[in-house]
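To start, the structure under review is shown below, and the notes come after it.
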């Protein structure tokens, strides 16, 4: 990949595609100047705040929809419609409605909440009622009900959605910052583009790719490990019933 990058630089020049060395020299300057740290903090805050809002909304709405048919009848079509709307459309609307940082936070929340809603809905609807009734019949304390019955089952459905949307929130946040000019990595990319500073633009891309690779790999590994544990717990509970 690096060889192809360097070959493209030789073929087209620095204005179109700066070399590998030139890009990493620029990245080093940005790190020393503190630009990368500040941008990372802003983007992380925007992404996490929007994601936390979507988790609260998605889990509450999905849980209610899974438990009550009338709520599901109303919310499930809305969730499907929201899933079909591209994030870029929400960004434009959010800029008109809020502007600045809150446009980014809103876009992250509305883009990720439908996936969490769907996972919570499926988790509640597939809960083994017999297992829960048996636990109550044996007067299991509330803490045991949560940790041994409801918790493993709910998290087995929710955790993949939570991990996926957390990584997605980063991407959506950067895209929203690119248009909103509210700081963060996206704003840095927009500024580099406005100055036609291709080396700096590519340096920001390197930062984004590195963070997303680390984030995706860590989250996917955690998903696999936790899913294995929760499935074993659920199987033991089912066998015990």
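Every residue gets a Cβ built from N, Cα and C, even glycine.
It is 104-124, from the ranges 104-124, 125-145, 146-166, that TrEMBL records as transmembrane segment. Looking at 178-200, 201-223, the range annotated in TrEMBL as transmembrane segment turns out to be 201-223.
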